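Inspection log for the structure reproduced underneath, given as structure tokens.
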Amino acid sequence: MEVTAVATQGRYDSSDWVSRYMLLYSDTGQAWKQFRQDDGSLWDKFVGNTNSEAVVHNKLSHSVRTRFLRFIPLEWNPSGWLGVRLEVYGCSFKSDVADFDGRSSLLYRFNQKSMSTVKDVISLRFKSRQAEGVLLHGEGQRGDYITLELHRGKLALYLNLGELRFSSSRVAVTVGSLLDDQHWHSVVIERFNKQVNLTVDSHTQHFQTKGEGDSLEVDYELSFGGIPLPGKPGTFLRKNFHGCIENLNYNGIHIIDLAKRRKPQIYSVGNVTFSCSRPQLVACTFLSSSSSFLSLPAAAPSTIMGGFSVRLQFRTWNSEGLLLSARLSPEPQSLDLQISNSQLLLTLHGAAQQRSEVSAGHKVNDGLWHTVSLDTRNLGAFQGCMRLITINDQPVNLNHVQQGLLGSYNQIQFDTCNIRDRCLPNLCEHGGRCWQTWSSFSCDCSGTGYSGATCHASIYETSCEAYKLIGSSSGFYSIDPDGSGPLGPAPVYCNMTGEFTAARRVVTFTLRRVQGSSALKPHSMALNYSASAEQLRAIIAGLSWDSLASGLRAALRVLADGRPLSWWLDQRGERRTYWGGFLPGVQQCSCSLEENCIDMSHFCNCDADTDSWTTDMGVLSYKDHLPVSHVVVGDTNRTGSEAVYQIGPLRCYGDKSLWNAASFYQESSTLLFPTLRTELASDISFYFKTSAPSGVFLENLGHRDFIRVELSSPSEVTFSFEVGNGPSVLTVKSHLPLNDRQWHFVRVERGVKEASLQVDQLPLRFLEAPADGHRRLRLNSQLFVGGAASQGRGFLGCIRTLTINGVTYDLEEKAMLTVGVSSGCPGYCSGSSSLCHNRGRCIEKSSGYTCDCSQSAYGGPTCKEEVSVSFDRESSVTFTFQEPFSVMQNRSSQASSVSRESSSRAREDVAFSFITSQSPAMLLSVSTFSQQYIAVILARNGTLQIWYHLQTHRKPDVFSPLLGNLADGLLHRVRIHREGKDLYVQVSGELRKLQSA
């Protein structure tokens, strides 16, 4: 509610009352803020009562919007005790909230190409978890722009009317401070011509804009929460806003309300939710510089012989102050960490008054949050460069040290500083952030949609058909049509009956009425999809022939002297004059093909140009021309002339790559493709089935380098390569034979950091690359598929879905031109139709097939029957899985190494549905022999919690993806997917990304 006043009264008929009190408020009940007057000073002396019966009103100098109000007594009747009757005055208010996770934004798209205004009023409230982030941005081609963003905890407004282009030289008007305190702040921007008022909370700054114009012209759209990079969904030009925005109003338009109602003017990028998540950080305040302290228990000195560690965040304006002190073992050792002269100073006190000091940081008293991490257990030797060393005011001659005349040394290289920047060039792909130490680099793939050591592999499937094959149900998904290629993921809706819709937001265009258009000034409408043009082309290229449709319905199309006055543009912007239902290049409509036009002297109903409404409609299905990018309508400027048109959704069917196969029945036969151009990073995946004991799947040679994947024995797949550091070999051994005439999946990846090999669901095998070794794989021969350059090692069997770096190779086309190889693969289990569903495995029989549902959560003949069970409080079901052969072989290895590999590289998918009205409840737990575990539970309040204990020496990570009560008697679907440290949780269609520790 919006609180305007507070009234107090003592306890009835007693000597108990409060004479002075303080007010705090919070919208979460966790992070509190003390009430401040309009000038920012603390109003900590609310006058209370002098007796038990009189009512004392205190009207607030400004209203406070809050959910929780905390009343803190400061003074009370010395002859009695605490007693109060409290009344709060105020009113309710409507709150529309959007939560931005730091990788998302809302786009408000105009109905026309640009929006030009001489007056603007923009208002919003926000609370931020970070000191940086863009709240609002818009720009125009003539140089106009408006940007509102947080910078170092202050709000900066950049506004220009037609003079300067968007550049780093822009001048900002800055208001406010410490706005990253996770509390609500109000913002109002008022502009008339060049005059602008910027108000943050109660602080207003008036200024005049730059530029020669009086109007602000913004093209296409305004973005809130970030500045998306055109053509690259999920990529942003500046740091995104991370927090909540409330009641966002742009010139009378309620943006968040439109977004909540899924209006077509609003386009969501990333994960935007409409409830503000609670802050996870709780702070405490030290009020006095002379007497405030916080004392916490620590381990006894005898138990910390190995050292001592502490980590904290702080913010302050003081240039001096003691942050912490600790005693060390053996006594009397101790250490102090303090702020001294605006720097951090660490002092170690030893025996006999010995002390050593080290300082770090610069101007840490700037009011921003700073993180301190101190660990005396694992302090290693310095690794880096030194020069100009002076001891006791005497310079040290390093030449004398090298010659053995002074001191001693070990592992020192003189006369050079051999430092290098391992992040230049940046070998992290797809926007991954590069971090480095002296000897190596690592990639942070958070938010990229890719995983692996260099963010090379996409975490998404390439099509809806691929999601269908792993048992996914209909819903919204992200697909990456080129896998590890340069294109990013695109949002689509997957209908698991066999189709998916690429235009998630543009499901059906509403009817458009056109009047006043002419041949010289025709009406034109651009169609916007939820994927870029490049992504759509990649999606369409992977479809089966004639498997894409876009409905088109027109209601006036006029031809003058044989010239078309209405047309549409295809994916490349070329003009097309054929309409739904007819062949490409023919200037006709479907009624001509069906011979039912109302006037058979014309090829379209609308060509008759009658006084009554006529309609032409049909489906565009020639995929080389789709999707429709623009619709142009002319010749409606005559008296009474009008046109109406409507465009249906873009629907795509099938995935021709999934069942593109070739059968090899001569050992000497191979398919030849151009040389692989994958010097720094490559990934290869395919399916195979065979009855042969061995054979080479593929091979590519260079002068000395090579890459090879082969079935080296009936139960082993081997990946080998050479880049100049000596041959590298990875092998996965299965406890069951792989030459069982059933399909098996293989994926290999090689990069500058590591190589990996995956076979079916067996554990991944990794091999780290030397930090300073050769990196480039240099090949010059053709790529051999189904054999090797040397004779006698050919593969006998079937290979399908061969994909290299996101490109699917057409095996069927090559097989038609090669002796000893045929297109497709014989057998019941080789067709494009899914005989076994939900991860069920199709097993060939002599006279048919059967479905192995042991690896599926479903049963029945085709693994489509849902398997469910009802539990009472005392019941449970336990499954004991046989450990993979490769794990049993390594059982003698230390569990810590397994734990380390599992936490950083392993992945898992968990999916289940449940209905319950009881909480708390254990839904699912999985544990390993190395004491790792995953647990999914409902807490006492019914919220979902996911516990990950992957590193046995640490406490488990606990995630709460949703705050709602799921013990509500309704069916909920939970899907959990982890890639290394990235955790994705989808609950009843709502996808959340979480970061593990």
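The backbone N, Cα and C atoms fix where each Cβ goes, glycine too.
Quick look at what TrEMBL lists:
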DOMAIN    1-91  domain 'F5/8 type C'
DOMAIN    97-276  domain 'Laminin G'
DOMAIN    283-417  domain 'Laminin G'
DOMAIN    419-456  domain 'EGF-like'
DOMAIN    455-517  domain 'Fibrinogen C-terminal'
DOMAIN    660-825  domain 'Laminin G'
DISULFID  CYS798-CYS825  disulfide bond
DOMAIN    826-864  domain 'EGF-like'
DOMAIN    884-997  domain 'Laminin G'
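Counting Cβ pairs closer than 8 Å to the domain 'Laminin G' (660-825), the top stretch among 1-91, 97-276, 419-456 is 419-456. Neighbour list (CYS798 (disulfide bond), Cβ cut-off 8 Å, at least 6 residues apart, same chain): ALA661, ALA662, SER663, PHE664, PHE688, LYS689, THR690, CYS825, SER830. The number of other Cβ atoms within 10 Å of the Cβ belonging to CYS825 (disulfide bond), over all protein chains shown, comes to 23. Helix, strand and coil counts from DSSP across the domain 'EGF-like' (419-456) read 0 helix, 10 strand, 28 coil. Secondary structure of the domain 'F5/8 type C' (1-91), assigned with DSSP and counted as helix (H, G, I), strand (E, B) and coil, comes to 0 helix, 49 strand, 42 coil. This prediction places the mean pLDDT of the domain 'Laminin G' (283-417) at 70.
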